[in-house]
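Colleague: Have a look at this one before I ask anything.
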Amino acid sequence: MKLLTVAFSLLLLGQVHASPLVLDKRSSCQLGDVWDLNAADAACSASCAIQHGDKHGGHCDKNKVCVCN
């Protein structure tokens, strides 16, 4: 029973830890596209530079998900 509880806890922790990354990839493109400023790609590029010091560019794909180059 304890093994099942530990396994379930690790699975749940893994899902919680993985979720913010997807949300963050979408949020930079969506927030950059507010008020028709067309700054989504710039926000994505800045997000890539902050998160990955070695990646200095990025763009938003057709699903508004940030793709770091």
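Backbone N, Cα and C atoms are what each Cβ position is placed from, and that goes for glycine too.
The feature signal peptide is assigned by Swiss-Prot to 1-18, with sequence analysis given as support. According to Swiss-Prot, the disulfide bond annotation covers CYS29-CYS60, CYS44-CYS66, CYS48-CYS68.
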Colleague: Quick one, of the disulfide-bonded residues CYS44, CYS48, CYS60, CYS66, CYS68, which Cβ has the fewest other Cβ within 10 Å?
Modeller: CYS68
Colleague: Could you measure between CYS60 (disulfide bond) and CYS66 (disulfide bond) for me? Cα positions, answer in whole angstrom.
Modeller: 5
Colleague: Which one is it: of the disulfide-bonded residues CYS44, CYS48, CYS68, whose Cα lies the shortest distance from the Cα of CYS29 (disulfide bond)?
Modeller: CYS44
Colleague: Where CYS68 (disulfide bond) and CYS44 (disulfide bond) are concerned, what is their Cα separation in Å, rounded?
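Modeller: About 8 Å separate the Cα atoms of these two residues.
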Colleague: Roughly how many Å lie between the Cα atoms of CYS48 (disulfide bond) and CYS66 (disulfide bond), rounded to a whole value?
Modeller: 8
Colleague: Have a look around CYS29 (disulfide bond) and count the other CB atoms within 10 A of its CB, chains all included.
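Modeller: Excluding its own Cβ, the number within 10 Å is 23.
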Colleague: According to DSSP, does CYS68 (disulfide bond) fall in a helix, a strand, or coil?
Modeller: strand
Colleague: In three-state terms from DSSP, label CYS60 (disulfide bond) for me.
Modeller: strand
Colleague: Does DSSP put CYS29 (disulfide bond) in a helix, in a strand, or in coil?
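Modeller: Going by the DSSP assignment, CYS29 (disulfide bond) falls within a helical segment, counted as helix.
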